[in-house]
Structure formats: structure tokens, C-alpha cells
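Presented below is the structure to which this report refers.
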Amino acid sequence: MSIYDASVYQRGFGTFPLIGEKLSQAVHVALDVGYRAFDTAQWYGNEGVLGSALSEARVLRHDILVTTKVHPENMDDSRFLPSVERSLRDLRADVIDVLLLHWPPGDGPVEPSLELLQEAHRRGYARHIGVSNYTTAMMRRAKAFLDVPLAVNQVEFHPLLDQRKLLGASLETGIPLSSYCSLARGEIFKYPVLSEIGDRHAKSAAQVALRWILQKGVAVNAMSTRPANMQANFDVVDFSLTPDEMLQIDGLTVANYRISNADVVPYAPTWD
Ligand SMILES: NC(=O)c1ccc[n+]([C@@H]2O[C@H](COP(=O)([O-])OP(=O)(O)OC[C@H]3O[C@@H](n4cnc5c(N)ncnc54)[C@H](OP(=O)(O)O)[C@@H]3O)[C@@H](O)[C@H]2O)c1
């Protein structure tokens, strides 16, 4: 399955913080709903459960797209490639569909870990490579440094955070964005404008937020443990927000609500 099949990749299922039987059940429901893109990471400690749940599924592995991410502690010469080989085994995959660097090295130079990522691609360990939590300046440096184009920069992206600079850098560098914490872990529900807009389309506030992200040209990774929410988060391609509604939601970004700050994640760079 290709990352360029937008109908698959734009609606990904996030797996953090699910582990064990809870993850296994969620994956089976998600596949029944129609999800074919799954997001995991070495850090989540759930690649093995995801790999076995996908191998038990009736859906062909060829039709599924798995993204995983290299843990920041594995981004050195001795640990990087062995960690990717472990991910391949745990995911029961011949090749990782999308391999990301989970975090940049704070504000440090990005080139050493990008070189390791590129080497994993050269060895055939990954079909596509990408990054996560890169700033605009890092996107430009990556574009200048790499021979292989980056398939994605996965970033915090939701209606309560102004990410226009990242969208601009995405257009400029050709590196697409995908979102995490697309519902700001529930914080968006404090803003009634989302459900007011949703009422006009017979959709929920969550669906409006996800639709707003898609209409920005950004892929979504949504996580839910509830079948009804999984279904709702998937049913976001059968309606459109008007330009006026998009602008109203843009107005919420003044909240400047960011989850992934340095006090939560020690690897976080200075956001630009
Ligand atoms: N690259 C990175 O650094 C990074 C960082 C964080 C996350 N991620 C990825 O992004 C994925 C999503 O982020 P996230 O899970 O942290 O945040 P999120 O998607 O903003 O929020 C998840 C929460 O929203 C609730 N929810 C989901 N759908 C809903 C709906 N339709 N209506 C009401 N509530 C709903 C879920 O509860 P219920 O279970 O009750 O539905 C869950 O508690 C993660 O699973 C992970 O794969 C990546």
C-alpha cells in the first residue's frame, strides 16, 4: 500500500497508549471500520502486538500501511539499524512502510540522525522515510541534506494550535504534514463553535475538527478505544466545511494550546 493513496493514508489509526489485548481488540475493530493505516512507534512498546494483530487479520498485509518511529535513544550509530531490525521483526514485516525519526535532537543538528534514516532506506528496511516534530527550519535543512525525499513530518496539529508556519514550510519543501493529537486529547470539546458547525452538517465536534485538518491538506492519525468514535473519526470524507466555517475554526488557534512541550518531552525543540 502506498503512502500516496490518500484515501488510506489521510485517515490513520493512532495506537498510543494502547498495549496488549486492548490494542489487539482496537486494531480488529479499526480494520472492520475501514482503517488501513496504523501509527505506532518503538517508544509505544506495542509494535509486537500490532504486528500480530495485523497478521491475524483477514485484510491482506499488502493493503495495510504501517508507520513506526525510531526512539530518540536509538538515534546513534550503534543502535539505530539494530532497532529498526527489531521493529521489522516485531511488526512481522519485510519492509516498514513509513519509518520516521520520532523526535529531533532538541535544537541540535539534524543531519546525523537523518543520515542513519537514509541508510535504513538504502538497505531496503523502509519504503518511505519521514520525520516527526520537526520545526520549519529543520524541514528546510532536511530537504537540503537528503537524497531521498521525506514522505512526511508528523506534528501536533489541531484547531487550538496555529501551525501556519509549518504549513508554509510544507508547501515550500514539498514535505507533507500529518497530524497527531488531532483532537488535542479532548481539549477541543471546550469550544462550542465546533459542535455548532457540526450541527449544520449532522456531524460531531470531533468530526468537524478532523475535517478541518484534512481540508488543510494534512493527514489525520486519530486514536480511540470506542468503536463508535473510531467509526465517527473515519466518517469525515463525506462532507465539506465552507470557507467561512474554516475561517471560524482558524480563529480557535489563538488558544495556542500545545501538548508537546519541553516539560512533557525532553527532546522537544524550540518551536518556531
Ligand atoms: N509523533 C508524535 O510525537 C506523537 C505524539 C503523540 C501522539 N502520536 C500519535 O497520534 C495518535 C493520536 O494522538 P492522541 O491519541 O495522543 O490524541 P488525540 O487523538 O487528540 O486524542 C485521543 C483521545 O480522544 C478521544 N476521542 C477519540 N475520538 C473521539 C471522538 N470521536 N469523540 C470524542 N472523543 C474522542 C479518545 O478517547 P476514547 O478512547 O474514549 O474515544 C482519546 O482519549 C496517537 O495514538 C499516536 O499514534 C504521535
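Quick reminder: no glycine exception, Cβ is built from N, Cα and C everywhere.
Counting only residues at least six positions away in the same chain, the Cβ atoms of Thr15, Phe16, Pro17, Ile19 sit under 8 Å from the Cβ of Tyr44 (active site, proton donor). Look at TrEMBL and you will find Tyr44 tagged as active site, proton donor.
Sequence-distant neighbours of His102 (substrate binding site) (same chain, six or more apart, CB under 8 Å from its CB) are Ala41, Gln42, Trp43, Lys69, Val70, His71, Pro72, Ser132, Asn133, Tyr267, listed in sequence order. What TrEMBL lists as substrate binding site is His102.
Residues annotated as domain 'NADP-dependent oxidoreductase' in TrEMBL: 21-252.
The secondary structure of Lys69 (site 'Lowers pKa of active site Tyr'), as reduced to three states from DSSP, is extended strand. The site 'Lowers pKa of active site Tyr' feature in TrEMBL is assigned to Lys69.
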Segment-level pLDDT (mean, integer) for the domain 'NADP-dependent oxidoreductase' (21-252):
98
So for Lys69 (site 'Lowers pKa of active site Tyr'), how many other CB atoms are inside 10 Å of its CB?
25
